[in-house]
Amino acid sequence: MAFTTTAVVAPRGAKITGQSSTCAIQNGKTVAVGTSKQVGSFKPVFAAAKPAKETTFSVSCSAASDDVPDMGKRKLMNLLLLGAIAGPVAGAGGPFVSFLVPPKAGGGAGAGQAAKDALGNDVKVSSWLETHKPGDRSLAQGLKGDATYLIVKEDGTLENYGLNAVCTHLGCVVPWNASENKFMCPCHGSQYDRTGKVVRGPAPLSLALAHVSVLEDGVVAFEPWTETDFRTNTAPWWK
């Protein structure tokens, strides 16, 4: 939960109050206030002064419920996860933003949308496989700009499908946990197996699939997956 306040300095013993959308502190004790979905708390900073009977101070607060991650949260998670896999880069703030904007055209001849790396460049299959070991699942920018996992098979070649990293519960980006051999959402605990099939809720559906191919110039490309989901033998819910 995000929770911010305006700093308040009050005499010792003061009573600081507010409405349901603000923070309340009584007698120096932390008091959680707000609606059932927007609750937060913080401790006041008191000045060394004589106790006051009662003094009211205005406290500016804002709370964002974790029940529904907004677009800002989703973009931030994309930024952090994609930045982490790319490693330190000078002026990193700019390059990583390329994952948060619509993809650019390009990537050679043939059908499909070119996968983009953390710098916004087309992903070349040769260089990708040089830096990603068998079993690796790392993010690239996929269809509609969504973070999408490219999978390296045990034989060192690229899997012919990619996994949309957006959790089907409330839209958080789901990281791959290699030690657990599954995708584990940090927001509400949903889990998916190595193929992206949901194995634990609250997520109701498996991660969306995308076709992965290599164009004539060696650029990796994504294409929409419209046929049966091989993991569930059902029509794709994302169609």
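Cβ coordinates are placed from backbone N, Cα and C, and glycine is handled just like the others.
Note that this is a predicted model, so its numbers are computed, not measured.
Taken straight from Swiss-Prot:
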type	residues	note
BINDING	CYS167, HIS169, CYS185, HIS188	[2Fe-2S] cluster binding site
DISULFID	CYS172-CYS187	disulfide bond
DOMAIN	125-221	domain 'Rieske'
TRANSIT	1-60	transit peptide
TRANSMEM	81-101	transmembrane segment
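For the [2Fe-2S] cluster site, the Cβ centre of CYS167, HIS169, CYS185, HIS188 serves as reference, and the other residues of the chain with Cβ at most 8 Å from it are THR168, LEU170, CYS172, VAL174, CYS187, GLY189, SER190, PRO202, ALA203. Neighbours of CYS185 ([2Fe-2S] cluster binding site), defined as other CB atoms within 10 A of its CB across all chains, total 22. Within the model, the domain 'Rieske' (125-221) shows a mean pLDDT value of 95, rounded to a whole number.
Secondary structure of the domain 'Rieske' (125-221), assigned with DSSP and counted as helix (H, G, I), strand (E, B) and coil, comes to 10 helix, 37 strand, 50 coil.
Sequence-distant neighbours of CYS167 ([2Fe-2S] cluster binding site) (same chain, six or more apart, CB under 8 Å from its CB) are VAL173, VAL174, CYS185, CYS187, SER190, ALA203, LEU207, listed in sequence order. In this structure, the C-alpha atom of CYS172 (disulfide bond) lies 9 angstrom from that of HIS188 ([2Fe-2S] cluster binding site). A simple way to gauge crowding: the CB of CYS187 (disulfide bond) has 20 other CB atoms within 10 angstroms, across all the protein chains here. Summary: among the binding-site residues (HIS169, HIS188), the fewest other C-beta atoms within 10 A of the C-beta are counted at HIS188.
There are 22 other Cβ atoms within 10 Å of the Cβ belonging to CYS172 (disulfide bond).
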